[in-house]
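One structure is given below, encoded as structure tokens.
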Amino acid sequence: MVDSQHLLQHTEQQDVENSIQNPITSTSKSSQKKLALLPLIFLIYFEVAGGPYGEEAAVGAAGPLFAILGFTVFPFIWSIPEALLTAELATTFPGNGGFVIWANEAFGPFWGSLMGFWKFFCAVINLASYPVLCIDYLKVIIPALSSGIPHTLSIFISTMFLSFLNYSGLAIVGYSAVALGVVSLSPFLLLSLISLPKIDPSKWLSFGQEGVKKDWTLYFNTLFWNLNFWDSASTLAGEVDQPQKTFPKALFYSGMLTCFGYIVPLLAATGAMELDQKNWSGGYFADVAEIIAGKWLKFWMEIGAVLSIVGLFEAQLSSAAYQLLGMADLGFIPRIFGDRSKKFNTPWMGILVSTIIALAMSFLSFTEIISTVNFLYSLGMLLEFASFLWLRRKFPSLKRPFEVPLGMKGLILMCLVPSVLLVYVMSVATTTVFVASAFLTSVGILLYYFMHLCKAKKWVEF
């Protein structure tokens, strides 16, 4: 009996090792130009942050002290565990699909498919937030974009243009992200340097203005939205040059860039400015730049915001499209989603579907968008943490190019703290967000069984 169990375990081990050593390839020719370390660093950076744009709401919701504490402490209890998990699993299962593959290996096709739909819905809804955030900045310069037909038209045109850029190739997107990152961060570096003589450290200790009620839901959603999605680039693992070596390095450097990119400008702005809490909302950094340095820096920051959003959109769209490609490779969705453009070698169907859904969601407000994204992302991350722990238990001797240096008890503790945060984020969701998330989860479950029916009836090729 013992020998039989040992043989079964050994066989399962060999199956997984074979699947890792011979990863699933796309249904058409895979990309010959692999992503190198530098473009991957900036793609991960744009998956997660893209600059301090959007963090202003944390000050408006809870005051300078809590905003500073949030962007200082939250990376240690949330971002680092997620990044470590991603580094281990992306290097162990280096194929397009990322977290879909992890859940599938841990718990089977149902949970792998549901993970895929959760994360995909989350990604495309998130895509809709970037044009909205872009308009929040541009309307300061062009007031006509605030509402009506110009507002709607600007979102449509920008979304279509950025989607076509993504279609032109992942290598182009990767190196464009490097340039966009440098240019979009430059005005914040200047703002921080110019603010130095004006900084009063006592202003950092402010709990907020008297009479301004704390909005903890907005506060935590803002922190969460600005510091998650570390696992999104895992869906590009099949496109990365030597992912076992490249991914851990890219996650480390992008993590450093993200943390400093948030906290340094926040310290400079809150320390040099008199607090007017009601003004601290999306786009306010541009006003801060004008007050501290002049209109020239405000204009540069507005341009930087637009370029940052281009990077955010491109990185997230790439992740979503290649995730669908990975799901097609696994047989969860029709084969056509694994097809690549003959000219640019990109997953054209994934890009098209993601763009259409993002446009459909763009009517929501920025706050509604990030709340729905956070809820769906929380569901996916709870499953991701469970998959991570179960794979460690299921395949303890599996070769892992990068391994989190903790035993099982340490890993459980590492996953427990962020899991509590995930549950809290879901518990403070509004009824609208809860209903929307429940509906999308139901859609994901129905799609899983509908795909099974399509496969059984041979209605579509898988």
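Even glycines carry a Cβ here, placed using N, Cα and C.
Database features, via TrEMBL:
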- 1-26: region 'Disordered' (REGION)
- 35-53: transmembrane segment (TRANSMEM)
- 59-78: transmembrane segment (TRANSMEM)
- 110-133: transmembrane segment (TRANSMEM)
- 140-164: transmembrane segment (TRANSMEM)
- 170-194: transmembrane segment (TRANSMEM)
- 250-273: transmembrane segment (TRANSMEM)
- 303-325: transmembrane segment (TRANSMEM)
- 346-366: transmembrane segment (TRANSMEM)
- 372-391: transmembrane segment (TRANSMEM)
- 411-427: transmembrane segment (TRANSMEM)
- 433-451: transmembrane segment (TRANSMEM)
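Among residues of the same chain six or more beyond the transmembrane segment (433-451), those with a C-beta under 8 A of the stretch's C-beta atoms are 109-110, 113-114, 116-118, 121, 332-334, 368, 371-372, 375-376, 379, 462. Tertiary neighbourhood of the transmembrane segment (411-427): same-chain residues 77-78, 81-82, 84-85, 220-221, 224, 374-375, 378-379, 381-382, 385, 388-389, 392, 404, selected by CB-CB distance under 8 Å and a gap of 6+ residues from either end. Same-chain residues lying 6+ beyond the ends of the transmembrane segment (110-133) with a Cβ under 8 Å from its Cβ atoms: 53-54, 97, 99-104, 154-155, 158-159, 229, 232, 282, 305, 309, 312-313, 316-317, 319-320, 323-324, 327, 330, 332-333, 354-355, 357-362, 364-366, 369-370, 372-373, 376-377, 379-380, 383-384, 387, 440-441, 443-445, 447-448, 451. Under 8 Å from some Cβ of the transmembrane segment (59-78) lie the Cβ atoms of residues 203-209, 212, 214-216, 218-219, 222-224, 226-228, 255, 258-259, 262-263, 266-267, 270, 275, 277-281, 284, 417-418, 421, all in the same chain and six or more residues away from its ends.
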